[in-house]
Amino acid sequence: MNSPISLDMGAITYNMDDLYKELAIYSNSTEIPLQDSIFCSTEEGPLLTSFKTIFMPVAYSLIFLLGMMGNILVLVILERHRHTRSSTETFLFHLAVADLLLVFILPFAVAEGSVGWVLGTFLCKTVIALHKINFYCSSLLLACIAVDRYLAIVHAVHAYRRRRLLSIHITCSTIWLAGFLFALPELLFAKVVQPHNNESLPQCIFSQENEAETRAWFASRFLYHTGGFLLPMLVMAWCYVGVVHRLLQAQRRPQRQKAVRVAILVTSIFLLCWSPYHIVIFLDTLERLKAVNSSCELSGYLSVAITLCEFLGLAHCCLNPMLYTFAGVKFRSDLSRLLTKLGCAGPASLCQLFPGWRKSSLSESENATSLTTF
């Protein structure tokens with residue numbers, strides 16, 4: 001019969017604050033799994049280390065350049081037609097601003113992965129908060145686009161233009177305010193955790209060194225899952241199901257169908273990029289709540305999955321301009337005119353570079369009587 005194992009607890013002393021800090025430095029992600037009762041190794045495998053130190057800097061640099069140029073072009077094109085912008089285009093303008101905010105934090109992510117966080121607490125709080133603000137504003141703006149299309153197509157709501165634009169601007173301002181308020185936990189509790197050995201790097205994380213901070217972390221996670229993802233996704237699904245059903249009933253107005261198609265594509269790309277991250281984060285939350293059996297193996301898998309899925313989500317910031325370019329007829333026309341004015345390219349060269357860009361589509365959009373990004 002196996003004899004029980006006894007430990008001389010007097011010979012082992014722990015500083016609990018140091019223990020919390022050691023356990024908090026789990027991965028390079030801002031979402032850090034913390035185990036209360038399972039002591040797992042924090043050493044990363046060679047593949048994940050190579051991914052963070054070699055692939056991520058190159059990929060994030062490319063995303064930074066594409067996202068910066070693409071979203072600035074979107075803002076310039078939409079700003080040129082500020083007085084004739086539709087409600088959907090106003091939402092897309094703010095969506096491009098949110099994506100630019102996400103683009104700005106990519107260099108910080110690259111630097112942290114290479115040398116750790118060396119930029120102090122203020123920038124640590126700012127960068128983590130901007131990450132959350134971007135996601136909240138993006139999801140809420142896409143939900144507003146879905147509601148706007150639903151009201152315009154299913155219920156044929158066409159309000160007086162000035163009153164409608166005023167309500168759109170108020171809605172966008174409210175979304176930005178909500179995004180800031182939802183990111184307050186990050187502004188209050190994010191901090192730089194210094195390493196306790198030469199193998200670790202300083203990390204910018206959501207501090208969980210006491211019970212109050214841990215509760216704030218759980219509240220932030222709950223808000224992230226529900227207000228930032230689940231509820232907006234349900235709103236989008238409900239609205240677009242109604243829109244598609246109405247368009248299938250009335251086989252008319254192909255221009256309106258194209259507008260809805262691009263809106264659905266933008267929403268779909270957002271969900272494809274961010275859904276894996278939210279699924280993994282939700283599993284991590286369940287593990288933290290001990291709703292699932294915790295193990296070092298599961299924690300290791302979650303650490304790798306969080307890093308990979310967060311990369312996919314961050315890549316989203318450069319995809320919307322590409323989508324507008326290849327799926328939006330009027331946007332292509334505006335982009336072509338802008339590039340021609342800048343001396344970069346004209347419709348003919350763009351059609352040669354992209355065979356799918358038919359000159360007919362460019363001329364068709366130029367003859368349109370109303371501006372539409374789609």
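Here the Cβ of each residue, glycine as well, is placed from N, Cα and C on the backbone.
Here Swiss-Prot flags 1-57 (among others) as topological domain 'Extracellular'.
Marked as N-linked glycosylation site by Swiss-Prot on the basis of sequence analysis: N28 (among others).
Within the chain, the transmembrane segment (58-78) has long-range Cβ neighbours (under 8 A, six or more residues past its boundaries) at 85, 89, 92-93, 96-97, 99-100, 102-103, 106-107, 109-110, 311, 314-315, 317-318, 320-322, 324, 331, 334-335, 338, 373. The feature transmembrane segment is assigned by Swiss-Prot to 58-78 (among others), with sequence analysis given as support.
The topological domain 'Cytoplasmic' annotation in Swiss-Prot covers 79-90 (among others), and the record cites sequence analysis as its basis.
Annotated transmembrane segment per Swiss-Prot: 91-111 (among others), in sequence order.
The topological domain 'Extracellular' annotation in Swiss-Prot covers 112-126 (among others). For the topological domain 'Extracellular' (112-126), the number of residues in each DSSP class (helix H, G, I; strand E, B; coil) is 11 helix, 0 strand, 4 coil.
Proximity of C124 (disulfide bond) to non-local residues of its own chain (separation of 6 or more, Cβ distance below 8 Å) is seen for W117, A190, K191, V192, C204, given in sequence order. For C124-C204, the entry in Swiss-Prot reads disulfide bond, with the evidence type sequence analysis.
Feature annotation from Swiss-Prot assigns transmembrane segment to 127-147 (among others); the stated evidence is sequence analysis.
Swiss-Prot lists 148-169 (among others) with the feature topological domain 'Cytoplasmic'.
Sequence annotations record features per position, and here Swiss-Prot assigns transmembrane segment to 170-190 (among others).
Per Swiss-Prot, the feature topological domain 'Extracellular' maps to 191-221 (among others). Applying DSSP to the topological domain 'Extracellular' (191-221) sorts its residues as follows: 11 helix, 7 strand, 13 coil.
What Swiss-Prot records for N198 (among others) is N-linked glycosylation site, and it gives sequence analysis as the kind of evidence.
What Swiss-Prot lists as transmembrane segment is 222-242 (among others). For the transmembrane segment (222-242), the residues of the chain that approach it from at least six positions outside its boundaries are 132, 135-136, 139-140, 142-143, 146-147, 149-150, 154, 182, 185, 260, 263-264, 267, 271, 274, 278, 281-282, 285, judged by C-beta separation under 8 angstroms.
Taken from Swiss-Prot, the feature topological domain 'Cytoplasmic' covers 243-261 (among others), and the record attributes it to sequence analysis.
With a threshold of 8 Å between CB atoms, the same-chain residues lying at least 6 positions outside the transmembrane segment (262-282) that come near it are 31, 88, 92, 95, 135, 138-139, 142, 145-146, 149, 221, 224-225, 229, 233, 236, 240, 244, 302, 305-306, 309-310, 312-313, 315-316, 319-320, 323-324, 327-328, 373-374. If you look up Swiss-Prot, you'll see 262-282 (among others) marked as transmembrane segment, on the strength of sequence analysis.
Annotation comment: Swiss-Prot describes 283-306 (among others) as topological domain 'Extracellular', evidence class sequence analysis. Looking at the topological domain 'Extracellular' (283-306) alone, the prediction's average pLDDT is 80.
Between the transmembrane segment (91-111) and the stretches 127-147, 170-190, 307-327, Cβ pairs under 8 Å are most numerous for 127-147. Across the topological domain 'Extracellular' (283-306), DSSP helix (H, G, I), strand (E, B) and coil residues number 17 helix, 0 strand, 7 coil. The list of residues near the topological domain 'Extracellular' (112-126) in space but at least 6 beyond its ends in sequence, with Cβ under 8 angstroms from a Cβ of it, reads 28, 52-53, 56-57, 186-187, 190-192, 195, 200-204. Helix, strand and coil counts under DSSP for the topological domain 'Cytoplasmic' (79-90) come to 9 helix, 0 strand, 3 coil.
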